[in-house]
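Below is one structure, written out as structure tokens; comments come after it.
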Amino acid sequence: MSWFNASQLSSFAKQALSQAQKSIDRVLDIQEEEPSAWAEAIPYGEPGISPPVSGGWDTSTWGLNSTSSEPQSPPTASQAITKPVRRTVVDESENFFSAFLSPSDAHTIQKSPVVSKPPSKSQRPEEEVKSSLQESSSPGQSRVSETAEVRDSVCVSGETSAVGTPSPVPEDKHEETAGEESEVKVPTVRLKASENVVNVNTTEDVSTTSTQSLTAETKDMALEPKEQKHEDRQSNTPSPPVSSFSSGTSTTSDIEVLDHESVISESSASSRQETSDAKSSLHLMQTSFQLLSASACPEYSRLDDFQKLNESCCSSDAFERIDSFSVQSLDSRSVSEINSDDELPGKGYALVPIIVSPSTPKTKVVESTEENAEEEEGNETLVAPSEEAELEESGRSATPVNCDQPDILASPTAGSGGHSASGPATEQCEAVENQPKAPPEKEDVCKTVEFLNEKLEKRETQLLSLSKEKALLEEAYDNLKDEMFRVKEESSSISSLKDEFTQRIAEAEKKVQLACKERDAAKKEMKTIKEELATRLNSSQTADLLKEKDEQIQGLMEEGEKLSKQQLHNSNIIKKLRAKDKDNENVIAKLNRKAKELEEELQHLRQVLDGKEEVEKQHRENIKKLNSVVERQEKDLGRLQVDMDELEEKSRSTQAALDSAYRELTDLHKANAAKDSEVQEAALRREMKAKEELSGALEKAQEEARQQQEALVLQVGDLRLALQRAEQAAARKEDYLRHEISELQQRLQEAENRNQELSQSVSSTARPLLRQIENLQATLGSQTSSWETLEKSLSDRLGESQTLLAAAVERERAATEELLANKIQMSSVESQNTLLRQENSRLQAQLESEKNKLRKLEDENSRYQVELENLKDEYVRTLEESRKEKTLLSSQLEMERMKVEQERKKTIFTQEALKEKDHKLFSVCSTPTMSRSSSISGVDAAGLQASFLSQDESHDHSFGPMSTSASGSNLYEAVRMGAGSSIIENLQSQLKLREGEISHLQLEISNLEKTRSIMSEELVKLTNQNDELEEKVKEIPKLRVQLRDLDQRYNTILQMYGEKAEEAEELRLDLEDVKNMYKTQIDELLRQRLS
């Protein structure tokens, strides 16, 4: 709805007033002022006068008014030029006022043909030109743009020729104007055309021969090299002039030229060349706008203020932003190429410069100026504003150009094309004349550029975020795979440990069984030995030995009991290890379940990624649909413009009667101004509220994420600076427009006075004008009603946008609060997680230490078992030796008893025998026999004693136990033989030998007691160690329970952490979406305020 503006009404009324005044002067043949040189044509080819400059907006040509016109014309021209005309009329309508004009007048007005000529520097060969002609002639859209451009070019060239032709004054003035024309250097206006010939006539009455003669004259024209500097500098980019009236769609297309051309040229050339092309195009835009503003007020007293206003309107910041955005579009080449592919295919465009040719030959122009001096005096107030509007329209007609299409050069042949294009050209000129000039449209250009680049940035950020999410999901999938492999390796290691422990347990059980069997056998042997010892006779030595053996047996029994306890403890440890193995199996099962859950989560994430890709496709389709909608709206806008042109043609028939229409229009203008002020105040209030809310939200967000908000603060600062600049520009423009309105009101009052004077002298010829005034009033009423409905709809939309903004602010506040809460929870969960990890690592270290201790205990147990077996073997050997010694001692004891009994018997027998001998000897009286017998008996006794001693010694050394019997017999014989002293000595020696044996046995007993004490000490140490190990083993189940609890807590915390992390990620994504939405809403509000 950018074509709707309240100032249209005032400009339309003022233009209608000027046209009515002109037509009334013409009809009544009133000559109050001297004719000016606005519409007089200079002959082409006159010596000393250079031809007009081709294309562009020539400031010196605009300024010819001051040099060639009469002294009375400049104030009128300045008044006409400075007026902010939105839609002006240039062409003289031949359907109504031709009845009041003479044929010569009509002929002079109608002859203003314009012929295009190719430039002197072409950048494409003729073969490429022909191919591009064939390509560009096919699509219908290119024909629509071509016809629009042809119409614009006709209006521009026709009016420029009308302005640039001075009156036939003396030759010195002609030379001055010619010198001024030759010094003009302007950028060439370039048009899109798919035909080789652009030959346009503004009316249908000109014959074919006159058109061909004009084309023949224009063939000799050539452009100077300096006049094509901008064309050579930027051959592929049109120089779009700043049109104040161009709608939001058209300005969007103008700026899209820069973005799309920058992207396409980057794909074919370097980015540096692309940025230089964009800058040159922006420079052309700025210079063209300055030319337009400077040409619009050549004689205005406040020219410096007006230039400052234009500089503020099209500030360098806006152009630098556009340039930066075009450079940024290189990074997002894929996205912008998609957009350019959506918009550009099927359109064959070409660029042709316009050469402004003189309107008529010299003779015809001289005759027309002589006959129609009065008519041209009325025209001089209208020509300059019409030129201004036509230049605006020609700038507005710049549309996106496909850089891949070659530049098509127009050739000045085929005169029939001029007749075919002359009808649409006149209609387009009329449409262009009514195009308004609105300098604030420059701000719309900047706004649309920012909007488009924000769109591109959003698409780029969406693509980047999706690619990042995809990369994160792939990393998560790889991590899950690694965890699966790790879990499998742990399960395999646990299974190997299980097998190893089962083998160890089986070996320990076998050892325990063997020890139990040996213990039972030892008990049975002890019982048998006790029974045997109980049955036998008791002696002091055997009792001591038995006590010692019993003590040894008791010690060994105690050791066996301790070993059995240790074995029981080991069996308990084995059971606990089996339980631990079961727990490990449960952990493995849990890990497998967790791996399955992670696989399911990975599948879910893949599904989410697929859904996001589908959403991206939907976004692309929506973008294409929006592009098609934009094109459709552009077509609708063109259709509406055609309708407006038709309405304006109808309204031209009522141009003479403006008294009542002017009163109504002034009232409407005041009402619209009041409404505009109210709307601006409401917009300012909304913006203030939005700024306050945004400042609060920014303060909260700065506490959360200062880095993100710093960028937003910088953007808001830039926007505020731009807003201040725009406000300053608007204030300057408002002052300028107020001053201009005051001047226009003065002119209108003068015109009203003049019209009142004329209305009294108007004849019956003005009656049809009154009827047309009534028709104009009716059409004005319908237009006002339609504009009121439009205002209502706009106000409704404004209210809806305010409600949406409030809801969005609330959503952002809630999202920020949720994000804060989630961050606090995440920090607490992370701290708990770190503590649990530390505790888990500590418990794992304790578990490893306990495992090492358990291994050491097992090794010591095996070593002690080996020592116990050795002790058992020694015990068995000692038992066997003690049995043998016992048997020997018992046999010796019996032998000694028998010997003692024999000795008693022998001693008794010997005593009886000695008594009998004594009696016999006393009875026998022969002393010699007695001496002989005594000597013999002494000899025999000595021999017997010696033999007895020798035999006794030999028996002691050889046979041992048998010595007693031999000695006993010898003793008996010696006693019987009468050797008692020798026998006593022999017994003493045997007693000494027995005492030596006893001492030796006592030494052995003491050694055994020492070894027993050492073994008992070792047993005490082992029992203490075993008790300590038992206490540690008792602590193992507690540690296991604690480890299980910690594992459960760790798993639950991990699950909670995963859930919180997912929630935080979702909230982060929601917050990003809300921020993006707020950015878009802020940008929309700023655009509304700028508009």
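Any Cβ shown, glycine's included, is placed from N, Cα and C.
The candidates are Ser102, Ser411; Swiss-Prot tags Ser411 with the feature phosphoserine. Record check of Ser340, Ser465, Ser742, Ser793 in Swiss-Prot: the feature phosphoserine is attached to Ser340. Range annotated as region 'Interaction with Elongin BC complex' by Swiss-Prot, chosen from 329-338, 759-768, 859-868, 879-888: 329-338. Taken as a whole, the region 'Interaction with Elongin BC complex' (329-338) shows an average pLDDT of 40 in this prediction.
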